[in-house]
Every structure is written in structure tokens, then in C-alpha cells.
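Asks: Structure provided below as C-alpha cells; questions to follow.
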Amino acid sequence: MATRHRRRGGSAPSWAKPGKPGERPGGPKKSRGRTSWKSLLIWGVFGVTLGLMAGYYLWGELITDDSVTEVLAAQRDAVAQRFFHVPCSQDYESLKQFEACTPRKCGRAVTDSVITLQEAEKMRRLAEAGLSLGGSDGGASILDLHSGALSMGKKFVNMYRFFGDKLKDVMSDEDFNLYREVRLKIQHEIARTFNISVSSLHLTKPTFFSRMNSSEAKTAHDEYWHPHIDKVTYGSFDYTSLLYLSDYSQDFGGGRFVFIDEGANRTVEPRTGRLSFFTSGSENLHRVEKVSWGTRYAITISFTCNPEHAIGDPTWT
């Protein structure tokens, strides 16, 4: 159900009143009447035009500022599966050579029935353990088990090089096996939903855990709230998935995922074990709200149709 909020007010523009028209020397009185009628008509058309322009501007402001919001999946709801179709953009023209993987339809999906609560809780513990070794000075920290990238202060380190064998005190082969099993489940669900070949879909980079809180941003990497298109920001993405590892309104405030559509913003409220996935093109412009309190955990798992952009599952070697 759409929730509509009051528009931000603003004083109407103040217009100067026209002065009293002067009389033309020797002109007949009816001429002055015709001039007055035309003047009123011109000012009327001008006023209507300005009104339409102002209305258009205010409507644009309304949408941009999240004033019209539809909740696609609330945290309190257990969602078996919901799919929301959106027209495909032109961003997939280069994928025609990968026919078995090219989107036959575009959209976004939400499900709470693919990843179990137990699996999600184990994934969160893995994220917490890895991020406990570092963490950003700002509000957003990442942990990439594939490349080893770990936020530390205002920079990133390669945790495999930085910590070496000490990492095995924090992570295990069992953790990596769980990671692979979760990834496979998500890959199969994306393929089933979009009616594409699961074998034509490849894990790609970056794929990473994220931890967000209300700390002030210290670098551009901490500014996670800007609207973006995944296929533009990360060129290899064709399908994006997010697995949420904490609960909106219980573990944190703010931090909802927002699809920015013409006419409304549509949100997904994170819930532990909730899987949200979508085609990565410009039909799915989106952003994440700033976290206002608490800590938000999630993992982004991305897929490509191009085998040249594929990466393997994380391993110790």
C-alpha cells in the first residue's frame, strides 16, 4: 500500500501588479477597453503557465525527496516471493551474444523462503568476525572474501596478506562452504525467476559484506546513500542480489533499500534472511537510506553473463 506524506510547503511566488495603463492621446475609449481585455488574457495565460511549471517542479521535488513511498516488502511480513516487473532498459544490447543469460524480462524480486534464518545468522557471524579485524572510520565498512579487501580506517587492506594465517582463527573452511552454498541457492533462484540458464550465470566482482551505521562519513566510500545504477557503477553486473543479515526497525533505523521510479519511490525493508534481487540496468535506479541508529548488515552477491568477468568462490589458496 502506498504511503503518502504531506508535500513540503512553500510560499507562492509574489508577482508585481501592473500599473494603471496610460491613455493614448486622442484614442477612443473603446480602444482602452480592448487593450485591457487583451492584457487580462495575456496575464491569465502567463499565470496558468507559471502554475503548471510550479506544479511540475513541486511534483519532481516530491518524488526526489521520498515523499511518495510504496513499501514492496515490510520487515514484519514473511514474503514467500514477490516479483515486480519493470520494462527493460537498453543496457543489455551487449549481452545478445549470451542468449541463455540475457534478461527475457526485467524487474525486481523479494523472497524470505530461499535462505534459512539459521544460514543468515551464520553469515552474519562470519561478517562480524571478519569486520572485527578492521572497520571504516566512517559509517560504511566492507569485507570482500574474494579479493580480501577489508575496510580499515580511511583505507582498505588485503586481509589475506595483512593477517596471513591468523585469519584461520577467525574464519574456517566451514564458513567458506556455507558461503558457497548460499551463493548457489541465490544463483538458482535468480535463474528460475528470470527464466535463464543457471549455468550461464557467473559470480562476479565486487561481491561483499557491508556493515553500515550512523557514523559520519570520512571518505567517499562511506557515502553509500547516493542514487546509482549497478550496471554503470560496476560494469560487470547483470543481476544484483542482496541478502539481509539484520532487521529494519529492530537492529537499526533508516537503511531501507529504495528503488527510484517515475512517480514514486519503492522500498524494501531489510529482514534477516530476506533475499532481494533485480536486473542491474538503469530500469532499477536505487539507493540506500542513511542509517540513523544501530547497525545494518547485508551481503551483495552479483552475477554476470560474461564468463570473462567471472570469479570463483573464496578459498584459502
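Indices start at 1 and increase along the chain as displayed.
Including glycine, each Cβ sits where the backbone N, Cα and C put it.
Checked Swiss-Prot, it gives:
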REGION    1-34  region 'Disordered'
TOPO_DOM  1-39  topological domain 'Cytoplasmic'
TRANSMEM  40-60  transmembrane segment
CARBOHYD  Asn195  N-linked glycosylation site
DOMAIN    205-307  domain 'Fe2OG dioxygenase'
CARBOHYD  Asn213  N-linked glycosylation site
BINDING   His228, Asp230, His286  Fe cation binding site
CARBOHYD  Asn265  N-linked glycosylation site
Asks: Which site among Asn195, Asn265 has the most other CB atoms no more than 10 Å from its CB, taking these as glycosylation sites?
Replies: Asn265
Asks: Just to be sure I understand the packing, how many Cβ atoms besides its own are within 10 Å of the Cβ of His286 (Fe cation binding site)?
Replies: 20
Asks: Taking the Cβ of each of the recorded positions and counting other Cβ atoms inside 10 Å, which one has the highest number: Asn213, His228, Asp230?
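Replies: Result for the most crowded candidate: Asp230.
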Asks: Rounded to a whole number, how many Å is the Cα of His286 (Fe cation binding site) away from the Cα of Asn265 (N-linked glycosylation site)?
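Replies: With distance taken Cα to Cα, Asn265 (N-linked glycosylation site) is 9 Å from His286 (Fe cation binding site).
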Asks: Looking at the recorded positions Asn213, His228, Asp230, Asn265, which has the shortest Cα distance to Asn195 (N-linked glycosylation site)?
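Replies: That would be Asp230, nearest by Cα distance.
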Asks: Measuring Cα to Cα, how far is Asn213 (N-linked glycosylation site) from Asn265 (N-linked glycosylation site) in Å?
Replies: 23
Asks: To the nearest whole angstrom, what is the C-alpha distance linking His228 (Fe cation binding site) and Asn265 (N-linked glycosylation site)?
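Replies: Just about 14 Å between their Cα atoms.
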